[in-house]
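Undergrad: If you look up Swiss-Prot, you'll see GLU219 marked as active site, on the strength of sequence analysis. The Zn(2+) 2 binding site annotation in Swiss-Prot covers CYS92, HIS218, HIS222, HIS228 and rests on similarity to another entry. The feature Ca(2+) 4 binding site is assigned by Swiss-Prot to ASP297, ASP389, ASP438. Here Swiss-Prot flags 287-336 as repeat 'Hemopexin 1'. For 337-383, the entry in Swiss-Prot reads repeat 'Hemopexin 2'. What Swiss-Prot lists as repeat 'Hemopexin 3' is 385-433. Taken from Swiss-Prot, the feature repeat 'Hemopexin 4' applies to 434-477. Here Swiss-Prot flags 1-17 as signal peptide.
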Amino acid sequence: MKGLPVLLWLCVVVCSSYPLHDSARDDDAGMELLQKYLENYYGLAKDVKQFIKKKDSSLIVKKIQEMQKFLGLEMTGKLDSNTMELMHKPRCGVPDVGGFSTFPGSPKWRKSHITYRIVNYTPDLPRQSVDSAIEKALKVWEEVTPLTFSRISEGEADIMISFAVGEHGDFVPFDGPGTVLAHAYAPGPGINGDAHFDDDERWTEDVTGTNLFLVAAHELGHSLGLYHSAKAEALMYPVYKSSTDLSRFHLSQDDVDGIQSLYGTPTASPDVLVVPTKSNSLEPETSPMCSSTLFFDAVSTLRGEVLFFKDRHFWRKSLRTPEPEFYLISSFWPSLPSNMDAAYEVTNRDTVFIFKGNQFWAIRGHEELAGYPKSIHTLGLPATVKKIDAAISNKEKRKTYFFVEDKYWRFDEKKQSMEPGFPRKIAEDFPGVDSRVDAVFEAFGFLYFFSGSSQLEFDPNAKKVTHILKSNSWFNC
């Protein structure tokens, strides 16, 4: 009951300072909303006793002006209609000003590669729609920083993403439908970095409800260390903008300046791949990258980039750069073999596996993992298999496919064992892929099978080959 006298006195002070609404009931509701809003977002709670003791309304007027200034309203110091209207709009649950306990000292991640995990799902959207919205939201920040992100399916990630209602274990309960949509914590261990979404909202892919992508992009800005912005055009403005044209969405300059003040501009970082000195970047000793006869030994993704291996070199293709970069394999990973047979990435383990002959190696970024090489037969392949031609891992199904001559085996990444019922004929399950597979990787929802100097674009949903391309078409040749 301690809160009741405070609330009543607050009503007396504010109502005596300026007129609010005609209805006393509206006055009470407005005062209650004002108190909660200022307590939640403008640090009123620690100051309440001070202005009560002084019997002076100047502090509450000052707090209202502070709120109005931050939200871009006219600084009347009064609970006018424009202020009331904005206070009723859906918004982020993170405070706008004042000391927020999880944001001391402008924290940031002390690494460039960050993992995330979607702990549970809202029933409002298909799982793949939630996955896509979160991936797209992270991409917004990845495109303007050196940061890269990968998703894991179990264990503790840097950013744990969850949907919840009411009290959900962090002592910052959600309020039901409307108003508070989500909240997130600044970078750090434990709960820090995590993002929580109110599952009492109606989450949508468009703006007919609460758009998950827009809210996620905002909250993940907090997970990366950003505060709220006072600029209404910014993604980090605290109030949700349902009128946003999703087809024309882009970060404001204020958002870009803020995130780059923490992490810098989009350049390669040591946590992804350390670019060697120019003396190590040699001209190809094999076929030039635009040669019509060029073929690859292996192809794999690595943290959003694509690596094309050939002899003792590899081309590194990033979405941020129009042209691939060419390096010695040994300049990044001294122990890896040249003329490798296959390579694939398991994104939820942040690991790339490299195969040559009957052995395989493992790398994480520029780090070579201990305990390798291992025999390919430890994976459950029969002794008759002497080498692997190509491999790819499906991050959604958590299955890895090993291609050997005209057959393939399937490995369960969760159980860490080969699945029964294999091998199967490649041509039966991948119609149109009739020749031997040299390499394979996934991009844009398609599988790209390489055979000699050609590649087949395969639609796994339609189960058919959609295009036949040159192997080096990725190099703008």
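Every residue gets a Cβ built from N, Cα and C, even glycine.
For the listed features, I'd like the structural context: burial, neighbours, distances.
TA: DSSP classifies GLU219 (active site) as helix under the three-state reduction. Under a cutoff of 8 A between CB atoms, and with a sequence separation of 6+ in the same chain, the neighbours of GLU219 (active site) are CYS92, ALA182, HIS183, ALA184, ALA195, PHE197.
Sequence-distant neighbours of HIS222 (Zn(2+) 2 binding site) (same chain, 6+ apart, CB under 8 A from its CB) are CYS92, VAL94, HIS183, ALA184, TYR185, ALA186, ALA195.
In the three-state DSSP reading, ASP297 (Ca(2+) 4 binding site) counts as coil. Sequence-distant contacts of ASP297 (Ca(2+) 4 binding site), defined by Cβ-Cβ distance under 8 angstroms and a gap of at least six in the same chain, are PHE309, LYS310, ASP311, ASN339, MET340, ASP341, ASP438, ALA439.
The residues of the repeat 'Hemopexin 1' (287-336), classed with DSSP into helix (H, G, I), strand (E, B) and coil, number 3 helix, 20 strand, 27 coil.
Across the repeat 'Hemopexin 3' (385-433), the DSSP tally of helix, strand and coil residues reads 4 helix, 21 strand, 24 coil.
The average pLDDT for the repeat 'Hemopexin 4' (434-477) in the predicted structure is 90.
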Undergrad: Do you know offhand how many angstrom separate ASP389 (Ca(2+) 4 binding site) and HIS218 (Zn(2+) 2 binding site) by C-alpha?
TA: 43
Undergrad: Going by DSSP, how much of the repeat 'Hemopexin 4' (434-477) is helix, how much is strand and how much is coil, in residues?
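TA: When I sort the residues of the repeat 'Hemopexin 4' (434-477) into the three classes, I find 5 helix, 24 strand, 15 coil.
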Undergrad: Can you work out which residues elsewhere in the same chain, 6+ from the ends of the repeat 'Hemopexin 4' (434-477), have a Cβ less than 8 Å from its Cβ atoms?
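TA: Distant contacts of the repeat 'Hemopexin 4' (434-477): 289-301, 306, 308, 315, 317, 322-324, 342-344, 389-392, 394, 401, 403, 405-406, 426-427.
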Undergrad: Which is it, of HIS218, HIS228: the one of these binding-site residues whose Cβ has the most other Cβ atoms within 10 Å?
TA: HIS218
Undergrad: Quick check: with CYS92, HIS218, HIS222, HIS228 left out, which same-chain residues have Cβ atoms within 8 Å of the centroid of the Zn(2+) 2 site Cβ atoms?
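TA: Counting only non-site residues, the set is VAL94, HIS183, ALA184, GLU219, GLY221, LEU226, TYR227, MET236, PRO238.
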